[in-house]
Amino acid sequence: MKRVTITIDGEQTKGIVIGTIAANHTAAEWLLTASVSAKSAKVRFDPEEAVAETSSLVMIAPTRTEKYLYLVPDEQVQPVTTIVRKYGLLSPLDWDCPDYPAGDAFEHLFLQNKLWNDLVTIEREHRAKYRELIGSDEETAQMDTEIASIKDRLSVLDEGRKKLRVEHRKKKCPEIDCLDENIKKLKSELKAVASKAKETRAAAKDRIRAAGNDIENLEKDRQAAVIKAYNNSGLWWGNYNAVLESYKKARIKALKDGAELKYHRFDGSGRFTNQIQGGMSVQDLLEGNRNVASLRLVSSGELGDISGKKPPSLDLQSVGSRRDSREYGILAITLYTGTDEQSKKFRRTLSFPVILHRPLPEGATLKSLSVHRKRVGTDFVWSVVFTFTTDCPTYDQRSSTGNRCGLNLGWKKQAGGGLRVATIYDGSDARHITLPQAIIDGLDYVNGDLQGRIDSAANENHAWLLEQWGGDELPESLQELRSMLRRSKRPHPAKFAKAVIAWRNYPEYLGDARDEAEQRRKATKRLTIEMAHKREKLLRRRMDFYRNTAKQLTSVYDVICLDKMDLRRLALLEKGDGTPNELTKIARKQRQQAAISELRECLSKAAAKNGTQIEQVSTASSATCSACKGKMEQVDGIMWRCRECRALVDQDINAAANLFREVL
């Protein structure tokens, strides 16, 4: 579905395209299979009349209870473009303002986290009742695991048989015959288990159909529990709506992946969301015409005076650069963080110094804004995300080039430095996308040297503190902490810090040792802060590299073909049958550094923006020769050889070439 603007009775109205009717066809058949939401809308056209040209079904909802369905020729439909702008914020100026209740804004973040956890509890209880209603699906899950295990064993035996055939240069010998017999038995076993699994799934579907009314009532109970949870959350509607949207998206993904929603530990992070009814122009935002949000532009010097921080300085090299074109302002947003004596919503404002590294989009309508608070180490980083809509595209509509490519995702350390994360083949040339070595070195330092120093300090501090607190004269409250430390399976800097802070209440007890404990705590804290900030910076650099790469690819190619690979299986330490995953320790580290799921996500977003088509296919792209379609076998590392034509090729280039041929 996409948002569009149409003209009705001479006035422009925004709506959502929910379907398309081809020329010389009617909408009657489409309406028969339409969703409940579409069927409940009032139809403003004759569904039995054939359209002369391809038209779009547009749903208009002027109120929450009214829905109208229009049939509009495509040439009269004007797409609405969504623009998202993210800017950095300095710390709020009135976070602990005496004019407002103490800790009210912080409490609002806590309530949002609590609402999320309440929704997770509701979802888990709903899943448990659903499983109880339709019967246990453990048998089906066990069979799926058994099928996956048999397939893995078949794959291992088949690979061994191929190697023996190459080694003996014939298809028959005692060793190969033994493998053939084992493969035959496994295939027979797989067929029997698959047949039984099919019967089990059919029986489960019958149980679901039989329990249709009960399942419907169970879903109604879940929805009622969700409504009760957000009504009793104590949150303003804009903020509980943001939590609900996150819950709906996470729930759909969890149901699709067979996963479970997880509770969130509250660490002070969160967001404040203002949804602007009817929208607001950029001019209204700058002039402060609406109390929901305002942005007052100031000079860099004034920003420094207000925030108490030194204003950013510019040198001659910055003149004419993007940094030179920055603007500064004070962003004020309205929050409802509680109720007064008359049980009315209590309104307050939060003000932030903001750095506008890029201009706000002209002529756009502001629909919502979110202020985010994220913990990084012991500090918090603030940012604001504006969501605008406009009828004018914000980027040049590129003409079709007809270019296509196959893109194979993976990771491989390059001899010249860097980590290969993808290989592109477009029919004439093959090239690699390489993550810069500077990012790899930084991640190695953070996750290796720095993390190791923190772990060593935690172990040393743990043993040292237990030695200092070994006497019987230890105060009673500290004895409880000592017991907690002794029970800990793994020393942690936070546990040591908690114990040292509690020690401050007893300055007379081992004063010299207490001073040393403070020094140890501060040293560990410095390392922890350094690690958190360096990791955050490196992850931002990697994301920026992937975004730029995705933008370049989608500006050149009309169609990009990817392998439909399940990245979750690569993250598992064990297979379904309990056997270890094939990835080595080094390969696992490189997988985390590459984070190819982020590259795939960036490609998806850039393709949607630039009009590039992403095709995902399931094919044995690495094991099939791109030249003759013969079977490939590994020779040395990344190099594979075809058994038929004896071509020696890079595995990634061969896979990218096979993907390219899928979209020819």
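Sequential numbering from 1, following the chain as shown.
Yeah, the Cβs are placed from backbone N, Cα and C, and that goes for glycine too.
A coil conformation is recorded for Cys628 (Zn(2+) binding site) in the three-state DSSP classification, outside any helix or strand. Annotation comment: Swiss-Prot describes Cys625, Cys628, Cys642, Cys645 as Zn(2+) binding site.
Sequence-distant contacts of Asp652 (Mg(2+) binding site), defined by Cβ-Cβ distance under 8 angstroms and a gap of at least six in the same chain, are Asn408, Gly410, Lys412, Arg420, Thr423, His432, Ile638. Annotation source Swiss-Prot lists Mg(2+) binding site at Asp652, citing similarity to another entry.
Summarising the annotation, Swiss-Prot assigns region 'Recognition domain (REC2)' to 138-212.
For the region 'Linker' (391-404), the model gives a mean pLDDT of 66. If you look up Swiss-Prot, you'll see 391-404 marked as region 'Linker', on the strength of similarity to another entry.
Using a Cβ-Cβ cut-off under 8 Å and counting only residues 6 or more beyond its ends in the same chain, the region 'RuvC-II' (651-664) has close neighbours at 404-408, 410, 412, 420, 423-427, 430, 432, 559, 561-563, 615, 617, 619, 621-622, 624-626, 632, 634, 638-640. Here Swiss-Prot flags 651-664 as region 'RuvC-II'.
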**For the region 'Recognition domain (REC2)' (138-212), the number of residues DSSP places in helix, strand and coil** = 69 helix, 0 strand, 6 coil
**Message:** Neighbour count, 10 Å Cβ-Cβ cut-off, for Cys645 (Zn(2+) binding site): what number do you get?
**Reply:** 11
**Fewest other Cβ within 10 angstroms of its own Cβ, chosen from the binding-site residues Cys625, Cys628, Cys642** = Cys628
**Message:** Summarise the region 'RuvC-II' (651-664) as counts of helix, strand and coil residues per DSSP.
**Reply:** 12 helix, 0 strand, 2 coil
